[in-house]
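Reviewing the structure listed below.
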Amino acid sequence: MARPMPTLLIAALLAGLAAPTLAWAGDAEDCQKLTGEAGIRACTAAIARSPGEAASYINRGVEYAGLGQHDRALRDYDQAIALKPNDAAARLNRGNSYRALGDTERAIAEFGQAISLKPDYYKAFFNRGLAYSARGDRDRALADFNQAIALKADDPDAFTSRGRIFRDKGDNDRAIADYDRALALKPGYRPALINRGDVNIRRKEPDRAIADFDQVIAQNPDDSLALFNRGVAFQAKSLHDRAIADYTRVIALKPDDPDGYTNRGIAYRAKGDADRALADYNKAIALRPADPGNFNNRGNLFWDKGDYDRALADYERAIQLRPDYAVAIDNRKLVAAQRDKAKAAAATPAVPTGSRVALVVGNGAYGRMGRLRNPANDAAAVGKALTAIGFSVEIVTDANRETLARSLRAFSDKADRAEIALVYYSGHAVQIPRGGAMENYLLPVDAQLSDVRDAEDEAIGLGRVMERVGRAKTRIVILDACRDNPFAAQIASSTRSTPARGLARLSVPNHGSLVVYSTAPQDVAADGDGDLSPFTRAFVETVATKGLDARLMIGRVRSKVFEATGGRQTPYSDDGLLQEVYLGGQ
């Protein structure tokens, strides 16, 4: 398994601070009315005059808490409760200070006491919900937020906080509904906009997310959280320059926060600016040296540059920091293998001009859509047949998206110098509506495609494959990939189109190309009952025939497949060749 692309950091805002409750201080009006240091002095004077008045301790505790002096606040709340054990406000405020100090369990206990004393205490339910959320107890948090909303249905904080619980539980639609309700109650409410934007990113609706963050930034152009998340949304649209601009502003506002450097580094890497990406990863590591993710990211960059030793060193460091870091463990294994392969390749001559090169892919170990039995066998058989007729062959099996994309990039360099560049793909592929037309996508083994909009992120477009062989004198792409659409239900549910069978016909982009499909457009091909697919078997039996032009060779393959499948499968080709091509020699 190859490494996944780096995951962008997304920041979200927890709505609603634990709200303190002031107690009435009787005649000590200044203790009740004044805030901050002035309030503390007034309450201290009131306590000196009337040391048995619990309200004065509560009010002074609230002011200490407001200044972040929670230890002093707790002493005052303790005294208030000793004087008045059944005071729900004292319990609530003591719970708030425990929560602020990170003592979630004692905070939950105090909020529970407040609820016992006052069963309709909205603030106690709300604040206990926040504490449960901090503990990761989403079900109890949800129950408390539901009760808070039942008691006070006009508080945007409660809807925003419940929305976060729905989001964390994976129920994005209900999360959005709660954020919408919060914004209806309080238009422009920053926590709801920030969190709704976050969910819109997760729902792969970056335009909606950008609109939410724009509203926050319009209120405060220096809102670093909104700028950061808008950068994530821009990056989801591959608008890397705009993402970099937002991350740069975040860094200017918070120069000691490594997250801005991390995401900007990812954006620079996506742009192909390896030097700036490296500088940002280095800075992120300097600011947060115990974060294994940044070492993994930098290792990925070194891998891109072919600096395998430094990549391995970074993966080792990431694993030291997090021994169960599966992504880094996989990357270390893959890079070690690639380093060894590169060392072996260094001892062999480079691909000469006028050569024949081939990339053969066999994808069968699909998870969600079920395993195909033959692609790995197909790839081995085709690779052997092509090697026998003078091709330099790279075989890739069971490739996830990152591996497939990397293999195509590496193959592109060879194809640029080759007389004939051939790509043979065996596995799943689908056609998906894009911009009013149908486009073909090859499916890596880790594809999920819960929505057709995921195709660009999770699959490899056939147009991209054609680009990778675009400079060879003769370009041949062969697709034994028309198995029935494993994502028909998802495509039907996320578009207005009826999911099509097989693959769509590709208009050959330029002269010198031959695209071969294992079956006709809009039809499906069989995986086969034997150890090879019907198309692959016919191809390997025919490709080495001497004196046979490639188009005539494919014609013979067509006849064999038609006969072998009883007429159920008929290969098809789009021909843009301008001269005869003899794969088996003349």
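A Cβ is built for glycine as well, from the same backbone N, Cα and C atoms used for every other residue.
TrEMBL lists 1-25 with the feature signal peptide. Residues or ranges marked as repeat 'TPR' by TrEMBL: 54-87, 88-121, 122-155, 156-189, 190-223, 224-257, 258-291, 292-325. The domain 'Caspase family p20' annotation in TrEMBL covers 354-486.
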Tally of residues which DSSP labels helix, strand or coil - the domain 'Caspase family p20' (354-486): 44 helix, 45 strand, 44 coil
Residue numbers, six or more beyond the limits of the repeat 'TPR' (292-325), whose CB comes under 8 Å of its CB atoms: 3, 6, 258, 262, 265-266, 269, 274, 277-278, 281-282, 284-285, 331-332, 335-336, 338-339, 342
Secondary structure tally of the repeat 'TPR' (156-189) (DSSP, helix then strand then coil): 27 helix, 0 strand, 7 coil
DSSP residue counts for the repeat 'TPR' (258-291), split into helix, strand and coil: 28 helix, 0 strand, 6 coil
Three-state composition of the repeat 'TPR' (190-223), taking helix and strand from DSSP: 27 helix, 0 strand, 7 coil
